[in-house]
Amino acid sequence: MQCEFFIQKRCTSCHQCAQPYSQQVENKDQQLRELIAPAMDVQWLPPVTSADTAFRNKAKMVVLGAAHAPILGIEDAQGQPLSLVTCPLYPQPMQELLAYLENWIRIAGIPPYNKLKKKGELKFILLTRSENSGQFMLRFVARSHAVLERIERNLPTLIAAFPTIEVVSVNIQPVHMARLEGEEEIFLTETQSLLEQFNDVPMVIRPKSFFQTNPQVAEQLYATARAWVREIAPTQMWDLFCGVGGFALHCAAPNTAVTGIEIEPEAIASAQRSAQMMGIDNLSFAALDSAKFSQSQMSAPELVLVNPPRRGLGSELTAQLEALAPQHILYSSCNPQTMVKDIAELASYQMSRVQWFDMFPHTDHAEVLTLLVRK
């Protein structure tokens, strides 16, 4: 990937982008083999690769500069504001909207928040784009309600210029610390969610719900998990850490009932709405802690799918899974290091199949899907 920001050493987030993408994939595959299955008889499937540019559906921009010259991007290594509105990770429609927003913020006279002086209002711009519809969800993260009047007054101009903006909200984050968002979300549009679609499965995205940032690869991840589950054909399964229900919605079938568990109520609301849109009646969701849910169960279904955050399952949940003894565990991980640690604690299981998905090109990160079978 040709990136001027990287060449100038002003942004090094994509620290591998100087390497040809094919070489990145080869190196990552070798590293993951050595980490996950160095001496095991495991079916290692070819990786699912990504486009090397224009693959992200979400931008998180710090609002820098001053009201008369706002900048959306980051601070570089020297502490200087760097506009990233033309970052090659973003599709052209996102780049165009981000560039327009820089000028729109200036015209609206909204002062960026200055973390050193603890003055100003606008902290972040969070932009999400539906790959399926091309529509946007735009969130302004502000220090206080003082910014609302200027945003509302100038919003018609913004939406007239970009009618694909479907959802607009203001998130209030009053704390002076490195926190992306606060508790209060104020919607400025009637529509409060964005609709995505993977493999003919509708996915509802709300402001605070986690959603994969590489939709083309995520679609293949969900399709692969569905295919593996259908090979097993369980009558019941759990989807722990289910988020907005991507795996559960794909895996539910007339003969497979799925229970999705996620601690974030907003994500569960999204998952439930998707299930209603699909007309699925053997799919249920609950806003619960996955470990506490497992602890409350006397037995497990034939298959448990887990998709934990970067910290992994943790000893409490791995111990519960050992005791509940499902025949299969399907583990999707964004952190292979913690996944390997968790699998070591699942002593009654052995890896049967592994495939990784390059959700994060130009970095060391990968999404890994592993099928574990009880010995």
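Cβ coordinates come from backbone N, Cα and C, glycine included.
Feature annotations, reproduced from Swiss-Prot:
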type	residues	note
BINDING	Cys3, Cys11, Cys14, Cys87	[4Fe-4S] cluster binding site
BINDING	Gln212, Phe241, Glu262, Asn307	S-adenosyl-L-methionine binding site
ACT_SITE	Cys334	active site, nucleophile
Candidates Cys14, Cys87, Cys334 (recorded positions); nearest Cα to Gln212 (S-adenosyl-L-methionine binding site) turns out to be Cys334
Among Phe241, Glu262, Asn307, Cys334, i.e. the recorded positions, the one with its Cα nearest that of Cys3 ([4Fe-4S] cluster binding site) is Cys334
Cys87 ([4Fe-4S] cluster binding site) sits from the residue listed as 'active site, nucleophile' (Cα to Cα, rounded, in Å) at a distance of 23
Cys87 ([4Fe-4S] cluster binding site) sits from Glu262 (S-adenosyl-L-methionine binding site) (Cα to Cα, rounded, in Å) at a distance of 33
Whole-Å Cα distance, Cys87 ([4Fe-4S] cluster binding site) to Asn307 (S-adenosyl-L-methionine binding site), is 29
Across all protein chains shown, the recorded positions Glu262, Asn307, Cys334 give the max Cβ-within-10 Å count at Glu262
Counting other C-beta atoms within 10 angstroms, the emptiest spot among the binding-site residues Cys3, Cys87 is Cys3
Span of the recorded S-adenosyl-L-methionine site, as the biggest CA-CA distance among Gln212, Phe241, Glu262, Asn307 in Å, is 16
According to DSSP, Gln212 (S-adenosyl-L-methionine binding site) sits in coil
For Glu262 (S-adenosyl-L-methionine binding site), the three-state DSSP class is strand
Same-chain neighbours of the S-adenosyl-L-methionine site, Cβ within 8 Å of the mean position of the Cβ atoms of Gln212, Phe241, Glu262, Asn307 and not counting those residues, run in sequence order as Phe210, Asp239, Cys242, Gly243, Val244, Gly246, Phe247, Pro308, Ser332
Rounding to whole Å, the Cα atoms of Phe241 (S-adenosyl-L-methionine binding site) and Cys11 ([4Fe-4S] cluster binding site) are apart by 32
